[in-house]
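Novice: Taken from TrEMBL, the feature transmembrane segment applies to A:6-33, A:45-62, A:68-90, A:102-122, A:142-164, A:193-215, A:227-254, A:266-283.
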Amino acid sequence: MGFGPHLLLAVLEGLVTSAVLALTALGLSLVFGVMRVVNVAHGELFMLGAVLAWAVATAVGGSPALGFVAALVVAPLIVGAVAALAERLVLRRVDYDPEATIVATIGLLYILQQLALTFYGADARPVPPPFNIRLALPWFGYSAYKLSIVATSAVLLLLSWLVLTHTRAGLIMRATQYDRETAQAFGIPVGRVYAAVFAIGAMLAAIAAVLIVPISQAHYLMGQDPLLLSFAVVIIGGLGSLRGTVVAALLIGVSDGVISMFFSPTLAKLIATLAVAMVLVFRPQGLFGKAAR
Amino acid sequence: MSEILTVSGLDCFYGEVQVLHGLELALRRGEVLCLTGRNGAGKTTTLKAIMGLVRPRAGSIRMGGVELADLPAHEVPKQGIGYVPQGRRLFAEMTVRENLEIGLNTRKKGADTLESVLDLFPLLRERLKQQSGTLSGGEQQMLAMARALCLEPEILLLDEPTEGLMPSMIQKIRETVLALRRRGVSTILVEQRAEAVLALADRVTFVENGHCRETVGIAELKADPSALRRYVGIG
């Protein structure tokens, strides 16, 4: 293959990475934006989604499509319930104190990881994709399932934007994000909003995990990379900014695909880390974030 | 006049520092009660305690038969208490309409309420789609009051609503407070300007070091303004 086909393939692979990353990072960004909680356990909620996807798909059996659809519905719901429970039992008890929640979510990270190791084991296990169709592009064939990940992610991101900007639930979430005290003075039950946002953030990570697990594998240590890359995305894009999250996920995902293809994956990670450092130095609020008042 | 809100024996703390010491207060139905005193006297804390935003360690805040101090903060405004905080505290990145919707949602009020509030502040009608943080100071204050009025409150808490405003806006805010009184809204107004106190209040409560020292009728205060000098250093 020549340069053109290689570039196209790199961009397509980068778009798939971006799609999964945008969903995962959106969850992290939403939780920080509304609750001011840096959820260090976000990657483990992603991992839990993947592990549960394998468990559900295996339990359902039958056709891969049926197992996958069941996993796509059930795994995020369970992960959301686990997150809501963690919010109630841990974060609420430390009154969402920024420093205490970092320590608390580090603890949650290890609890989830060790539970996965205990009950799921150390093996990496695949979930079969719901369909196996190859699209014939001019130079090579490409997995239709991978493109469906991009489409699904785009739909979910659009849906998230619509909910945040055009619904009463979104209005309540944004009011809580801007001023917790004033939100309470206008009848908004901030505690319930926090529980819902923490659960939704975790569910977004779990959906991303279910989508990626047919082309990756479920493993109890798989949460580390998504966490680090999600932090990179939200720092570059601006914490709490949906637009910034999408743009930064595209930047990181596509550049990762292209640089990995033509140079090396290590260099891609190095450049992403450098980009984070540059943003922190020259524009700490991120590309689309608002400066602290 | 019957009392719509009574505060008794209120103790509030910030950390271990006590800021209200057995504070006593009574708001009569349909009156404008002005809370005044020097900076740090506990006026803003009193309003926050009524709203449930500062939890009292002791004392009672009763509205009708309801003990507000027992309610979670988000249930307090649903009893019919609108709050205009110091510094306005608008949701600055939201539009004017979205800020008003937050107020309307509090007590599930609809388009009729919105219309009557916009009739009171016609300027806001032209700015519904504008981001509220880009309004002028006076317009922001109007929006903060309009947002609180979207609850159709029986009690309105106003914390220094004329602070930092130009004279024409101060006059507009005063006219609004008086118009609300005519409609029967009971108001607690935190204010330090003597002329505003004398122009708006039916009664004045002087707060000093977290205590309510004295409550006087406006006629009495106009006849003898020495309390203003004593507790606020003006007059």
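Just so it is clear, glycine is given a Cβ too, placed from its N, Cα and C backbone atoms.
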Novice: Within the same chain, where does the transmembrane segment (A:6-33) have neighbours whose Cβ lies under 8 angstroms from its own Cβ atoms, ignoring anything closer than 6 residues to its ends? I mean 6 or more beyond.
Specialist: 39, 42, 45-46, 137, 139-140, 142, 146-147, 149-150, 152-154, 156-157, 160, 177, 197-198, 200-205, 207-209, 211-212, 215, 226, 229-231, 233-234, 237, 239-242, 244-246, 248-250, 252-258, 260-262
Novice: Among A:142-164, A:193-215, A:227-254, point out the range having the most Cβ pairs under 8 angstroms from the transmembrane segment (A:68-90).
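Specialist: Selected stretch: A:193-215, with the most Cβ pairs under 8 Å.
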Novice: Establish whether the number of Cβ pairs under 8 Å between the transmembrane segment (A:193-215) and the transmembrane segment (A:142-164) reaches at least three, counting only pairs separated by 6 or more residues.
Specialist: yes
